[in-house]
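For reference, the structure is listed below as structure tokens.
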Amino acid sequence: MSTPQRPDLTRQLSTTSGDFDTSNPPEVRKYLRTYGLTPPNVESFEVQAQRCLKLLAMKTTPIEKFQYLTHLRATNVHLFYRLLSENVKELTPLIYTPTVGEACVRWSEIFTQPEGLYLSWHDKGNLRQILDNWPHDVEITVLTDGSRILGLGDLGVNGMGIPIGKLALYTACAGIRPDATLPLTVDLGTGNKALREDPLYMGSRRPKVTAEEEREFLDELMAALTDKWPSIVIQFEDWKNPFPSLERYQNTYTMFNDDVQGTGAVIVGGFINAVKASGIPAKDHRAVFLGAGSAGVGVAKQIVEFFIKEGLTEEEARRKFYFFDSNGLVTLDRGDKLAEHKVYFARDDNNGRQYQSLSRLIDFVRPTILMGLSTIGGAFNHDILTKMAKLNDKPIIFPLSNPSSKSECTFEEAVRATDGRVLFASGSPFPSLEHNGKYLTPGQGNNMYVFPGIGLGAILSKAVSVTQDMIYASAESLSTSLNKNEVADGWLYPDIRRIREVSVIVTRGVIRAAQQNGVDRVPELRTLSDAQLDAYIKEHMYDPFNERENVGDEVAQLLATASGIGNAKDFTNGYTNGHAAHL
Ligand SMILES: NC(=O)C1=CN([C@@H]2O[C@H](COP(=O)(O)OP(=O)(O)OC[C@H]3O[C@@H](n4cnc5c(N)ncnc54)[C@H](OP(=O)(O)O)[C@@H]3O)[C@@H](O)[C@H]2O)C=CC1
Ligand SMILES: CC(=O)C(=O)O
Ligand SMILES: [Mg+2]
């Protein structure tokens, strides 16, 4: 019996595809044996992009557009990234929040092809072996268990859309090679009963494993990943309870949690600019947070760090925060057992008073800052917004929950209620609008401004761990990345269309912090000036406009030199002979 042939996964797994790229010149088509299989014209990117954008416009719903872009990535990865990098503002909402939220909800319905790796509880004991099935060398993975997908709850393995979307942004925003990324979803069961009963659901039907079982599984997985790819960077994403793994692995592996640390950094980055714009010194701010989960606490902890750098003591900084969760104001005497991560910010100065209404808490605290990380769409209603407008000249209001349906308010609602004075950032994008003859653009406080640079910085410096200083450096670097026009227009975040430039600045900050902490493993980078380091970073970024990796060295060489024509002929002969033999 002959040995079963392994399917050509490198082609199927959407990372080196492009065989039918209509920009391939004849020599490449011959080499790939696709000559004659695509129409004869060799097309420019401009023509290809025109067709793609027309096709996209023909799709009427966001999910159809998502599916089209998924198909494009699977069939022509470089064209997909050319299109994405040229249209990042328009396309990001279709491959990331908000559309990726709907895609995850409907994942088992719309699934057509493998795009990542799924590991299940019953694979325990064999994880290292299964990693060998992945056909590429990996530099970075995004790892979820699907248990808190955006603000949409536990979606089990349907959460795979998130690692895929985040890693597409790693490639588009920070130029990490697409074939060096691994979307990874672990199926440790799901607490979502409706999913378990859905015949189309593609995960296991078991309930969620215990915390102890999860730890055992992750211990094995972390060891397996680093055994297989020793310098791998591991980003945890959208875990319902991300704190135990962060604490357990952050000093022993090159890992970080994007929802706790990336979100903290991106919000501090915009917050530094918002504090400047508010005209109120750090010591006089007071913050109300709706939502005391991983993101809320992650953000507040990093703002504490910022306040300390602004001259406050840790105690003064900590006491500026009032958290409101599903049981009201988080206090030490509330009568329930507080989750460990909430204790640091729990109030002890409420004199026995419990606040069950956000509106009343705002009257009591008179905050300058209102943050939403609650998953409760519309929670910042007109009453709340007008209160913030009365209390402040320039209220800082950040409704950060994703996707858009979970945003605590819209940009328009915040602008109208504050007569355009709001300093605003939301997790998902909102359109610009006109108010009193002024054109106002909302900030997008989304960790996509920092995680690509954190990842690339860790990869290029070969950091042994991702330190808190590296995370904080990403925030500071982001805050300095705005250009003159953006500053003059009062923006809190740079234009997303400049994200690759911004990622270079963030990456440099992350690498410098790694060097200061002594966790880097590329000593040559230490002696580079900032300009030299920027050049080094850019040189190492994947550029989809400069890619013909699938054609092989021989043809690349032919294409690169006019004198290659002779070789091309030889090669064409070889191709013809080979093909004849094949036929
Ligand atoms: N903009 C960005 O870059 C990011 C945005 N996010 C978004 O932040 C949101 C929260 O994420 P995360 O912190 O990880 O989620 P969690 O589930 O950990 O936390 C949600 C928090 O909201 C609270 N909450 C739920 N319902 C209510 C309610 N009715 N009234 C008041 N509080 C309520 C919960 O209270 P309790 O603790 O009592 O259950 C909990 O504290 C998500 O929508 C996510 O998409 C997350 C990361 C990045
Ligand atoms: C943006 C993100 O990481 C989240 O909403 O979970
Ligand atoms: Mg997330």
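Positions of Cβ are set from backbone N, Cα and C atoms, glycine also.
The annotation region 'Disordered' is assigned in TrEMBL to 1-25.
Secondary structure at Tyr96 (active site, proton donor), taken from DSSP and collapsed to helix, strand or coil, is coil. Around Tyr96 (active site, proton donor), the same-chain residues six or more apart in sequence whose CB sits under 8 Å from its CB are Gly165, Lys166, Ala168, Leu169, Met448, listed in sequence order. Look at TrEMBL and you will find Tyr96 tagged as active site, proton donor.
What TrEMBL lists as active site, proton acceptor is Lys166. DSSP assigns Lys166 (active site, proton acceptor) to a helix in the three-state reduction. With a 10 A radius on its CB, Lys166 (active site, proton acceptor) counts 27 other CB atoms from all the protein chains.
Sequence annotations record features per position, and here TrEMBL assigns domain 'Malic enzyme NAD-binding' to 260-515.
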